[in-house]
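A quick write-up on the structure given underneath.
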Amino acid sequence: MSNIVWHQHAIDQAARGAQKGQNPVLLWFTGLSGSGKSTLAGALERALFEHGFHTYLLDGDNVRHGLCKDLGFSIEDRDENLRRVGEVAKLMVDSGLVVLSAFISPTREERDRVRALFPQGQFVEVHVSTPLSVCESRDPKGLYAKARKGEITNFTGISSPYEVPESAELTIDTSKGDLDTQVHGLLAYLKAIDVLNPPREIAGAGI
């Protein structure tokens, strides 16, 4: 490693963001399976994309088809999964993008490890706090039913704990309110922290 040095690029993150008219950031959606992380992140990405912002959504299932296809679901593999995702997200933010990620990421240590990759204010933790009972009633993939039968081990919320964030920037319960209202709340937050620069008209809200 002593022979490996960091190569400084002529174009930096600020210049890439300025070209796109935005300040790059990572929004990290965390919560139980079925809480609505991917739905919420996808709806936010759609709203941003439709109004000219440059985004990318990293989804927990999708990365296991390529980047993390060699990993299982042991504690060690889940840690490595999020380590890789964090490094990829860092590269994407450096390219000037507004990056959204939707991962259960059940432990504070895992989430804090990713947060530590970014300067203050560039990692936004969004706790999708939908209650377990609601998530289990939705069970879009049938995973809770399998976990209850013992067919899946180490399943977050059933046989493995989920550590609630202690200092998330945002908390959203998708069982309360409608998706459009929740997305507009996220857009308003991004405007307030100067990610959306300059502000643009989004769905008549002046965001």
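Numbering starts at 1 and runs along the chain as displayed.
Using N, Cα and C of the backbone, Cβ positions are placed for all residues, glycine too.
For S33 (ATP binding site), the same-chain residues lying six or more positions away in sequence with a CB closer than 8 A to its CB are I104, C135, K141, L143, Y144, F155, T156, G157. The feature ATP binding site is assigned by Swiss-Prot to G31, L32, S33, G34, S35, G36, K37, S38.
The feature active site, phosphoserine intermediate is assigned by Swiss-Prot to S105, with sequence analysis given as support. Taking the Cβ of S105 (active site, phosphoserine intermediate) as reference, residues of its chain lying under 8 Å away and at least six apart in sequence are, in sequence order, W28, T30, L82, R111, V114. The secondary structure of S105 (active site, phosphoserine intermediate), as reduced to three states from DSSP, is coil rather than helix or strand.
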Given the ATP site G31, L32, S33, G34, S35, G36, K37, S38, its other Cβ neighbours within 8 Å of the Cβ centroid, in chain order, are A102, I104, V128, T130, C135, T174
Top of the binding-site residues S35, S38 by count of other CB atoms within 10 A is S35
